[in-house]
Amino acid sequence: MPNRRNFLKASLLGASASMLAWGGKLAAAPTRAGAKATAARVVSTWDFGIAANQAAWAVLGKGGNALDAVETGVQVPESDLKNHSVGKGGYPDRDGHVTLDASIMDADGSCGAVAALEHIEHPISVARRVMERTPHVLLVGEGALQFALEQGFKKQNLLTPEAEQAWHEWRKTAKYQPSINSEVRDYGTGLPGGANNHDTIGMLAIDAHGRLAGACTTSGMAWKLRGRVGDSPIIGAGLYVDGEVGAATSTGVGEEVIRNAGSFLVVELMRQGRSPQEACKEAVMRIVRKRREASKTLQVGFLAMNRDGEAGAYAIQHGFAYAVCDAQKQDALIPAQSVYRTSYS
Ligand code: SD4
């Protein structure tokens, strides 16, 4: 008699064999039947999205696919040592470990993610391997590292001297309170900027075939508790893509995004007919309505793109912006509208 454990094992082995056979894809990717050629476009969160978009555009502009574009694009901030919130050079957790979260998703619902991954410069590429080479969606911690090493990724020290110095500074007070509204920046508006301690890159692309994909990668909140995982590697929270509707990603205090299944909500609101910006606004308002007082001092921003390549964003606090790149312009940075007009300090 097959017991439950054997049944599960057999099912997983079966799943894994068939994943290998069909390359980890769930089904033929939905491109829009009868759709005319779509203009390719890539959007991503924050000003560091400009350089990331340009790397993605090197793929998209040549007719490459959206999935390759988003993976290539977000690798740029992952390798940027001056960026202290994504990849190598990211600020560590409370105990001095750099732990990374990332997810990637394709138009057909295929997805992969890693959480609390240490020592690997490109968590987004490990997430893609999870998607394409395993029957699973999310690998965490030690197991994610083991998988990455088995896949040929190189183990390295991600804690740069600069990030370590900042950590030592923080330890003098060791105030464990995620810095509020730390993403507020001055994009020429005259409002004060703030320390950048937790920005994520979320990137959404549509290729010339009308196919969507998204990626999201971060070192998470600086000085977080060891083992803390944010929204970025949680499919439906930090990232969601549905080829029939659109895609969404988020930045900001991940706990609030997870509590509201934020990116899934944005996509579902677009499915009901809202524009990308309207959908992002309503998802932000869900958080604000539930957390009226707390929302005054925290930041969450959503960025969305629909299946026609139209993009929009909305944030709780002033200061969020997103970068847009297409055949017309490769370095646009658009300030997002927000609930609160002035920065909190
Ligand atoms: C997290 N959402 O780990 C990420 C951090 C972030 O802008 O986006 N900051 O909660």
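From the backbone N, Cα and C atoms, a Cβ is placed for every residue, glycine too.
Annotation source TrEMBL lists signal peptide at 1-27.
Every protein chain shown contributes to the tally, and the Cβ of Thr200 (active site, nucleophile) ends up with 32 other Cβ atoms within 10 Å. Summarising the annotation, TrEMBL assigns active site, nucleophile to Thr200.
Cβ neighbour count for Gly252 (substrate binding site) (all protein chains, 10 Å cutoff from its Cβ): 30. Taken from TrEMBL, the feature substrate binding site covers Arg228, Val229, Gly230, Asp231, Thr251, Gly252, Val253, Gly254.
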Subject >> Among Arg228, Val229, Gly230, Asp231, Thr251, Gly252, Val253, Gly254, the record's substrate binders - longest CA distance, Å >> reply: 16
Original post:
Quick one: what's DSSP say for Gly252 (substrate binding site), helix, strand or coil?
Top reply: strand
Original post:
How many Å separate the Cα atoms of Gly254 (substrate binding site) and Thr200 (active site, nucleophile)?
Top reply: 10
**OP:** Provide the number of Cβ atoms within 10 Å of the Cβ of Val229 (substrate binding site), excluding the reference atom itself.
**Re:** 19
**OP:** Can you grab the distance from Val229 (substrate binding site) over to Thr200 (active site, nucleophile)? Cα atoms, rounded to a whole Å.
**Re:** 13
